[in-house]
2 protein chains.
Amino acid sequence: MSAPSSPADVRPALRVAVLGCGVVGTEVVRLLTTQADDLASRVGARLELVGVAVRDVDVPRDPVVDRALLTADAEGLVEKADVVVELMGGLQPAKDLLLRAIEHGASVVTANKALLAQDGPVLYAAADAAGVDLYFEAAVAGAIPIVRPVRESLAGDHVRRVLGIVNGTTNYVLDRMATEGLDLEQAVKEAQSLGYAEADPTADVEGYDAAAKAAILASLAFHTRVSLDDVAREGITSVTADDVAWAERTGYVIKLLAIAERGETAAEDGSTTAGIQVRVHPALVPAGHPLAGVRGAFNAVFVEAEAAGELMFYGRGAGGQPTASAVLGDVVSVARHRVLGGRGPVESSYAALPVLPASAARTRYQMRLEVADRPGVLAQVAAVLAGREVSIESVRQTPKGEGRVVTDVAMLVITTHTATEHALRSTVEAIEALDVVRRVVSVLRVEGA
Amino acid sequence: MSAPSSPADVRPALRVAVLGCGVVGTEVVRLLTTQADDLASRVGARLELVGVAVRDVDVPRDPVVDRALLTADAEGLVEKADVVVELMGGLQPAKDLLLRAIEHGASVVTANKALLAQDGPVLYAAADAAGVDLYFEAAVAGAIPIVRPVRESLAGDHVRRVLGIVNGTTNYVLDRMATEGLDLEQAVKEAQSLGYAEADPTADVEGYDAAAKAAILASLAFHTRVSLDDVAREGITSVTADDVAWAERTGYVIKLLAIAERGETAAEDGSTTAGIQVRVHPALVPAGHPLAGVRGAFNAVFVEAEAAGELMFYGRGAGGQPTASAVLGDVVSVARHRVLGGRGPVESSYAALPVLPASAARTRYQMRLEVADRPGVLAQVAAVLAGREVSIESVRQTPKGEGRVVTDVAMLVITTHTATEHALRSTVEAIEALDVVRRVVSVLRVEGA
């Protein structure tokens, strides 16, 4: 086979600036350096690393980072680059630097989910106005190629629903609770000792991280600008070992899901408004669903599209190397577009669907009640549900537990057909008021069924 | 929110020709028609369907296909299009029409796996020479976006191995054997009655379809031109209900896998040649592996990359609508590139790795033997393996079965560490020659462990 022609050798190199040199930044610099020939071949021009912006140039670093490229002058650096890769994280100065890069005509790649979820619309608009690419594959689900497939492969299709396991920490925690019978606190401690959870795990266990990714996924899937404030959020802190054990007994697995789906709300005059709902909460997923098999710290995004049907994308959601791999894929794409003199498929928001309140979402529910262990209890509970038009899919009644003294209490597990959150809340209140009900132990949504 | 600007309205439309109007062609025409505004917004220009080439213009068709667009003159049609979508299937005239389209400067999209596996190198070279895009997302794993992620998202990474369930028919058959205890013939009949298998199921059950997709996947993942002739192929016709039951008992699921991986062969002088191996065969997959959970007629491709780690792409591998969705995604990409005046990331074959013989592949094996049920048998068998440097990972010995008359026969299940096919074959021959061994019941590779 003859040597391939090398247009890369005759075209001027593209200047690449990297902002931030932590774990991911260092891996990106390593790949840009060690894979230079491969990258040039794919892009059609060489990629020249012109600088790495850091807070302190004197900190010792991995030897793969040439010290001569380090600079504390990020503002100056972005002005002399064709492609700016932002890996510093945080809202500022990342936002101003990206806007400055875009104004100067650079294409930008970022892994900054917090910034995109907060100020995505401003950045998208600036990139549109300047006619440059804004790519962010690494911001959602780390190394998993999900942004590109949703934005490009499904460009001729309509997405109905996205269900994502997008936070590896909480998935690890829930997985350990399920497989080892740990309680939440034990599992979080284990995750911390393995480096899967931060010393302060709030952003993960309270669902903030997942909510930011949900906003980005929803924006992409529904061509609508969704910000973090639009996302209804509930973390896993109220999930008990008992919930996890009962889930398994009834054929489910508990997962923290980021959900974006089409829906509608009905007004009192009977008119309806179509829109999307975006929410993050723990949910029961049927054991046979592909998402149920996502173990440990892995991530997965399940997409239901009209023509394509069901799709799932699975992989590592975090880590320096996986994230760097996703960043490099984006760098190749935007660099290739510059060689061609343009930009990739345009990030569209033409649908501009309204974001509906989470209370309008219709889901199935499973509620677990401690009730008096005597005849007629189920009839009373069922009457409450029927009165609120919440219909029952299945019921399971069990004496409360082996080895316990209490013998006059039974556990009643009721799974409903779809109902609005509003109807469900009023139902739970009415059930709590029944004499025969000792306690509503838990109420969990059922998804993916 | 203000109305988005519409550059699509001022640019000249791109002319799209569709070759073939079967199930997929009709769905593509439907999407091009009903989603015209969405597509224009994403591409930056309107897509004008200028013709649909068919063998017989007088056959009754779905009303979504405007009869005025039908033509029997495919040669003439491809010359007046900017984007040619080939959905006729088969080697000819598809190949000549695509080459003619490319020569005339059109970008081409095809779902024709047989043609790509056979003549891909010719088509890639023609597209390179003409500077146009050749896209084929629908040719591998239907609606699952796998080509684009491998070609673009992993552009800065190195793929080590690809394991794919890429034939829905055989996956359905094996799944039914596992879950319902059917034998192969029963499961194939059921698949035929449901439309999952052809009247003549040879292309599926003998692994020809999977081999074509393996060639395409290997070409993409390793930047090397791999053709169908390079793929070692074995179908599922020798898989018995007994094999499937034993797989489950030992913690595995049997799947027909398309495998492409890096490897090396050693010459007698001790020098080694690095290259890739591409093969299709049934294999034991550990029950906890993500591929094991791929049920029914679904497809999935599992990728191991150096930086990204493990990734899996899951979805429907066939069907008119899923395939049309993948085709439209490609149409949007190549059309967008034309609006920009260029083409997408270049299909590279710069690695040009040698394709090594399948006999050089190193895998784990599980062999199942009927042996005399008396002491010392295992020692004799183990000595044979040790003599050929095939090391044993685990052994399981069981009386042959309940409810049978035979009582002096035991089943010995041996799982090995990795060994070459060559070493394994010689081992099996030697084991068969042992007096204490009645029969080598089966030898299956273990993958994904």
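Glycine is treated like the rest: Cβ placed from N, Cα and C.
Just so you know, TrEMBL annotations are computer predictions that nobody has curated.
Annotated features in TrEMBL:
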- A:LYS213: active site, proton donor (ACT_SITE)
- A:LEU19, A:GLY20, A:CYS21, A:GLY22, A:VAL23, A:VAL24, A:GLY25, A:THR26: NADP(+) binding site (BINDING)
- A:LYS113: NADPH binding site (BINDING)
- A:GLU198: L-homoserine binding site (BINDING)
- A:366-445: domain 'ACT' (DOMAIN)
In the same chain, which residues outside the set A:LEU19, A:GLY20, A:CYS21, A:GLY22, A:VAL23, A:VAL24, A:GLY25, A:THR26 have their CB within 8 A of the centroid of the CB atoms that define the NADP(+) site?
-> A:VAL18, A:GLU27, A:VAL28, A:VAL29, A:LEU87, A:MET88
What does DSSP say about A:LEU19 (NADP(+) binding site): helix, strand or coil?
-> strand
Return the residues near A:VAL24 (NADP(+) binding site), defined as same-chain residues 6+ apart in sequence whose C-beta is under 8 angstroms from its C-beta, sorted by sequence, else 'none'.
-> A:LEU87, A:ALA111, A:ALA138, A:GLY320, A:THR323, A:ALA324, A:VAL327
A:GLU198 (L-homoserine binding site) versus A:GLY22 (NADP(+) binding site) - Cα distance in angstrom | 16
What is the total of other Cβ atoms whose distance to the Cβ of A:GLY20 (NADP(+) binding site) is within 10 Å?
-> 24
Taking every residue in the domain 'ACT' (A:366-445), the average pLDDT works out to 87
Cα-nearest neighbour of A:GLY20 (NADP(+) binding site) within the listed recorded positions, A:LYS113, A:GLU198, A:LYS213 | A:LYS113
So of all those recorded positions, A:LYS113, A:GLU198, A:LYS213, which one's Cα sits nearest to A:LEU19 (NADP(+) binding site)?
-> A:LYS113
When a 10 Å sphere is centred on the Cβ of the residue listed as 'L-homoserine binding site', how many other Cβ atoms does it contain?
-> 14
A:GLY22 (NADP(+) binding site) has its Cβ surrounded, within 10 angstroms, by a count of other Cβ atoms equal to 13
Using C-alpha atoms only, work out the spacing between A:VAL23 (NADP(+) binding site) and A:GLU198 (L-homoserine binding site) and round it to an integer in Å.
-> 15
C-alpha spacing of A:LYS213 (active site, proton donor) relative to A:LYS113 (NADPH binding site), in angstrom | 6
Count up the helix, strand and coil residues in the domain 'ACT' (A:366-445) according to DSSP, in that order.
-> 23 helix, 34 strand, 23 coil
Cβ-Cβ distance under 8 Å to the residue listed as 'active site, proton donor', same chain, at least six residues away = A:LYS113, A:ALA117, A:ALA139, A:VAL140, A:ALA141, A:GLY164, A:VAL166, A:ASN167, A:ALA258
